[in-house]
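Here's the structure, in structure tokens; my notes come after.
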Amino acid sequence: MDAVQAEPKPQPSAHPLIGVPGQLWGMARVPHGLVAAAARHHRRHSPSRLPQSSCLAPRSTDTLGLPRKAGSFRLRSVRKRTDAKPLAGRSERRCSAGAALPAGAGAGAAAGAAGSREREPLTSPDRSRARSRRHRQRVRAARRPVTSRARLGVPPRPPGSRGDRRIIATTHPPRRAEGFSFTAPMALPPPDPQFVLRGTSAPVHTLHFSCGGPEPDIPLLFSGSENGFIHVWNLKTHRVDTALDGHGRKSVYCVETMGGKDRLLSQGRDQRICLWDLAEGRTSVTDSVFTEHVGFCRCSLLKVAQGRWLIAMAARSLEEVQILELPSKTSVCTLKPEVGAKLGMPMCLKLWQLSCGSQPVLLAGYEDGSIVLWNVPMGKALSRLICHQEPVMSLDFDSEKAKGISGSSEKVLSIWSLNEQQNLQVYKTHELVNAGISDITIRPDKKILATAGWDHRIRIFGWKKLKPLAVLDYHTATVHCVSFSDHSNPRDRLLAAGSKDQRISVWSIYAQT
């Protein structure tokens, strides 16, 4: 028998896909991989052919933590170079691997990595041993087709993720639980507005519904604009019924009804609060109150008895809040902070009472980011809470749960509660994506709340746990105000939003909760 001449030891050569073997990054384990099976054969029969920079290393357990047979390997993953030549033809379509093979690994390993079913002669010095049955079984295992991510039911990776790593699939059947699916349910897209009201010719700063009357009454929406007009919208025809002008073309930033749609209260930048009589088609101002306040703090209205109302508004002095009784316009009290307390101007107000006949209470948000609870009859502060680093732009309060929410010009919504000792304390905070809250309102059924954002979006939250429910993206400018309708039928509930883009979007969202 002729002596077999020893072949010279090959040097590591540049692979067309990954370059020189040994340029390795990261680590990926292949339980019964194609390259591992092919390289196991050559490691046993020709260990001198493996270079020192081989990417194969023995391991004792597979990916699932199960014991492995002797001779199994761990494969280090590589990253695709930007200047590498891509594979072409049938091999690229059938093999998702693209991992590095050691130099001199042989045609059998290359055929296994390509996923080919054809038998090719192996380059081995021992031909007789290659013809054995055990060796043929190994070769068949190495030449089984690659199972792709699509066959396993795994969604494809996005382009460029994980450094363009290629995945070498296993040759054994995938282990999946019965009834398990890799596809996650997709969230429903947010709805479009039910309708849009146009025609204000100016940014909209305040909205108020009047829909709680009996069935023959027409549901109305009042809007106050920057040009000083108050528009009365018919929600059945989606048209303007009446346009009121009583603020000298100054911006109107608060509109409220007083017991019905025939009596209206409005506040403007002309430092006046006007009382309107709209009965029988009249459009006249019956009375007005001069506030002497140059800011934009909205007044708050509270019904305390039949025909009697309390109104809280920012006073002439910088930090004071004045309480008046309507329609007599008599002064109830003036709320002044303690000496040395630098609260700044009042930014938002909320009058409320726990039950009919109980003492009225005022919640006021100030320029320094604090919220103060005032006892109106006594005229003194009960509690103070600093919950924002920026001025409080808007707040609302749920008297049933003794819990409120406030927003500012920063990215945080603050939820606070009122305990039995009449002390305010922070309950929870929620961080927003973008900064700036113009308005916050809780729906009358206390199920959800809406916020108007400086980022042109309306956000809907669950009031119980402040769970984000929807982001309504329609407007192209800052949303100044949001308001929920007072329909008696829950299916008819609406949400309206006024924006700087001179449009009013009306939505029907979570109406059946």
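In case you wondered, yes, glycine gets a Cβ from its N, Cα and C as well.
Under the heading region 'Disordered', TrEMBL lists 38-167.
If you look up TrEMBL, you'll see 49-63 marked as compositional bias 'Polar residues'.
Per TrEMBL, the feature compositional bias 'Basic and acidic residues' maps to 80-95 (among others).
Under the heading compositional bias 'Low complexity', TrEMBL lists 97-115.
What TrEMBL lists as compositional bias 'Basic and acidic residues' is 116-129 (among others).
According to TrEMBL, the compositional bias 'Basic residues' annotation covers 130-143.
Within its own chain, the repeat 'WD' (385-426) has Cβ neighbours under 8 Å at 344, 347-348, 350, 352-354, 363, 365-373, 432-442, 446, 449, 451, 454, 461, 463, 466, counting only residues six or more beyond its boundaries. Residues or ranges marked as repeat 'WD' by TrEMBL: 385-426 (among others).
Marked as repeat 'WD' by TrEMBL: 472-513 (among others). If you take every residue in the repeat 'WD' (472-513) and average the pLDDT, you get 92.
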Per-state residue totals over the repeat 'WD' (472-513) - DSSP helix, strand, coil: 3 helix, 18 strand, 21 coil
DSSP on the repeat 'WD' (385-426): how many residues come out helix, how many strand, how many coil? 0 helix, 25 strand, 17 coil
